[in-house]
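A quick write-up on the structure given underneath.
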Amino acid sequence: MALPSPASEEAEGPCQEANQEYQEPVCSPVPEPEPEPEPEPEPEPEPVPVPPPEPQPEPEPQPLPDPAPLPVLGFEAEPVQEPEPTPTVETRGTARGFQPPEGGFGWIVVFAATWCNGSIFGIHNSVGILYSMLLEEEKEKNRQVEFQAAWVGALAMGMIFFCSPIVSIFTDRLGCRITATTGAAVAFIGLHTSSFTSSLSLRYFTYGILFGCGCSFAFQPSLVILGHYFQRRLGLANGVVSAGSSIFSMSFPFLIKMLGDRIKLAQTFQVLSTFMFVLTLLSLTYRPLLPSSQDTPSKRGAHTLRQRFLVQFRKYFNMRVFRQRTYRIWAFGIAAAALGYFVPYVHLMKYVEDKFKEIKETWVLLVCIGATSGLGRLVSGHISDSIPGLKKIYLQVLSFLLLGLMSMMIPLCRDFGGLIVVCLFLGLCDGFFITIMAPIAFELVGPMQASQAIGYLLGMMALPMIAGPPIAGLLRNCFGNYHVAFYFAGVPPIIGAVILFFVPLMHQRMFKKEQRESSKDKMLSHDPDPNGELLPGSPTPEEPI
């Protein structure tokens, strides 16, 4: 019998009471408890935007140092020298990609350079008349004065070439404008002070040294500045400039002869100095376009005395042009020819006065030289533009051969007409030789080193140019006439022509050899230099100086 649970007893209590009252018991359902409402979730706070962290630059990987070489038994390991950093040039532009304007303001520069070449070489090519005037003044003191008087004009002409390496340094460091203006001012002072002295020894300094050095500083920048404004028509520009010298040469003999007859030698120097004064003003138009070199960090970082000396030496004397064999041969050939080049200009007038005493217009010979020189410079300018590469040198070979032969023909002329024909050929050869000198230098060493290449060339010509006329004067004193002197003057140009003949052949041979080597070693070829290119015969790329 199961016992009732306490819950059942509680349920029976109210029912029994209802039965006692005779009422039907009502059982109400127990209400279920209402579920408590779930609390609404609180809204989550909006996240505050956090700025993303700045990206940190990744450190560049440092190159591992080269392992030190293992010492070999019996030898000490030499310290490894780190290569010097590549020098940088702070300029307005680089030579690579530079395009000359080929005109425009360049034609004003051409006019200034024309006046420069015309006034300088117009005076120097008329030195034969000045030489005769000097002899007239000095004959009263010394009968055998030809040797001493010849030094005046020879020094002036020789100093133009002797100072050329120094002028190249000033041109590279200071620019064409400052160098040319300073030189023209010095030339003006030299000519003007020559009028205040009658001493031959003092005129060695005033005319020979001062005037000659000033002309050198004024002349060479006129050759270099044309390469800044012309490239495709550089030969034509050089021809126009050189032709200006011929126009002046045609007028200067007549002018100097007229001044000498009327106002004598001293006042003639004063009149000629005005041309140098005008040149000083015109030289201000030489605005350079190509960059000039400056000091590099590697040069400033030199520590040892030897390094500082080498830095300064390389800074002022760029010897890289002599690494090219073709340039060395070319410069030596022209220097050899220069020994007899200037002899006819100095002694021709005196020779004609001695042999053809009835002829008064001896200056006509210098006019003929100037006229055909201008024609030769114009023609050679056009011809050189059409001749590719170093084949232009063959024009110099031909001109030197004819120049030597014509010098030897002077004593063989029996009449004045024959001398006129000889002088016409002399001027033509002079025009061809002078005009193509700068374009050949650009072809040999490139535009960045052309300035010093021309400077060293003219410097090598200085000694034979100075020595030639005095040697001819000494021969005249020894033999009593100019025959041997002019025969002597014709030999060096012929020798120079033979030397120059081999330069294009050697250049072509070296170019083919380098092409064969470059085709084999393409993977090991040098990177292109930003300032130049590798020239045939040069071990290093062309660089600014």
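Glycine residues also receive a Cβ, built from the backbone N, Cα and C atoms like all the rest.
Pulled from Swiss-Prot, these are the features on record:
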- 2-102: topological domain 'Cytoplasmic' (TOPO_DOM)
- 29-50: repeat '1' (REPEAT)
- 103-123: transmembrane segment (TRANSMEM)
- 124-149: topological domain 'Extracellular' (TOPO_DOM)
- 150-170: transmembrane segment (TRANSMEM)
- 171-181: topological domain 'Cytoplasmic' (TOPO_DOM)
- 182-202: transmembrane segment (TRANSMEM)
- 205-225: transmembrane segment (TRANSMEM)
- 226-235: topological domain 'Cytoplasmic' (TOPO_DOM)
- 236-256: transmembrane segment (TRANSMEM)
- 257-264: topological domain 'Extracellular' (TOPO_DOM)
- 265-285: transmembrane segment (TRANSMEM)
- 286-328: topological domain 'Cytoplasmic' (TOPO_DOM)
- 329-349: transmembrane segment (TRANSMEM)
- 350-362: topological domain 'Extracellular' (TOPO_DOM)
- 363-383: transmembrane segment (TRANSMEM)
- 384-392: topological domain 'Cytoplasmic' (TOPO_DOM)
- 393-413: transmembrane segment (TRANSMEM)
- 416-436: transmembrane segment (TRANSMEM)
- 437-453: topological domain 'Cytoplasmic' (TOPO_DOM)
- 454-474: transmembrane segment (TRANSMEM)
- 475-483: topological domain 'Extracellular' (TOPO_DOM)
- 484-504: transmembrane segment (TRANSMEM)
- 505-545: topological domain 'Cytoplasmic' (TOPO_DOM)
- 514-529: compositional bias 'Basic and acidic residues' (COMPBIAS)
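When each of 150-170, 182-202, 205-225, 236-256, 484-504 is scored by its Cβ pairs under 8 Å to the transmembrane segment (454-474), the top-ranked stretch turns out to be 150-170. For the topological domain 'Extracellular' (475-483), residue counts in helix, strand and coil come to 6 helix, 0 strand, 3 coil, using DSSP. Ranked by number of Cβ pairs under 8 Å to the transmembrane segment (416-436), the listed stretches 103-123, 205-225, 236-256, 265-285, 484-504 are led by 236-256.
The transmembrane segment (103-123) shares more Cβ pairs under 8 Å with 265-285 than with any other stretch in the list 150-170, 265-285, 329-349. Same-chain residues lying 6+ beyond the ends of the transmembrane segment (150-170) with a Cβ under 8 Å from its Cβ atoms: 120, 124, 127, 130-131, 134, 178-179, 183, 200, 203-204, 207-209, 211-213, 215-217, 219-221, 316-318, 338, 342, 346-347, 451-452, 454-463, 465-470, 472-473. The list of residues near the transmembrane segment (329-349) in space but at least 6 beyond its ends in sequence, with Cβ under 8 angstroms from a Cβ of it, reads 124-125, 127-129, 131-132, 150, 153-154, 157, 161, 362-363, 365-366, 369, 393, 396, 400, 403-404, 407, 410, 423, 426, 437, 440, 444, 456-457, 460-461, 463-465, 467-469, 472-473, 476, 482, 485-486, 488-493, 495-497, 499-500, 502-503, 506.
The DSSP breakdown of the topological domain 'Extracellular' (257-264) into helical (H, G, I), extended (E, B) and coil residues amounts to 8 helix, 0 strand, 0 coil.
The highest tally of CB pairs under 8 A with the transmembrane segment (182-202), across 236-256, 265-285, 363-383, is held by 265-285.
The list of residues near the topological domain 'Extracellular' (350-362) in space but at least 6 beyond its ends in sequence, with Cβ under 8 angstroms from a Cβ of it, reads 128, 131-132, 135, 146, 410, 416, 419, 481-482, 486. Sequence-distant neighbours of the topological domain 'Cytoplasmic' (226-235) (same chain, 6+ residues past either end, Cβ-Cβ under 8 Å): 99-106, 109-110, 113, 176, 241, 288-290, 380-385, 435-436, 438-439, 442, 447, 450. DSSP assignment over the topological domain 'Cytoplasmic' (226-235) gives 6 helix, 0 strand, 4 coil. Long-range contacts of the topological domain 'Cytoplasmic' (384-392) within the same chain, counting only residues at least 6 positions beyond its ends with a Cβ under 8 Å from a Cβ of the stretch, are 232-236, 238-239, 326, 435-436, 439-440, 443-444, 503-504, 507-508. Tertiary proximity for the topological domain 'Extracellular' (257-264) is limited to same-chain residues at least six positions away from its ends with a CB under 8 Å from its CB atoms, namely 129, 133, 271, 363.
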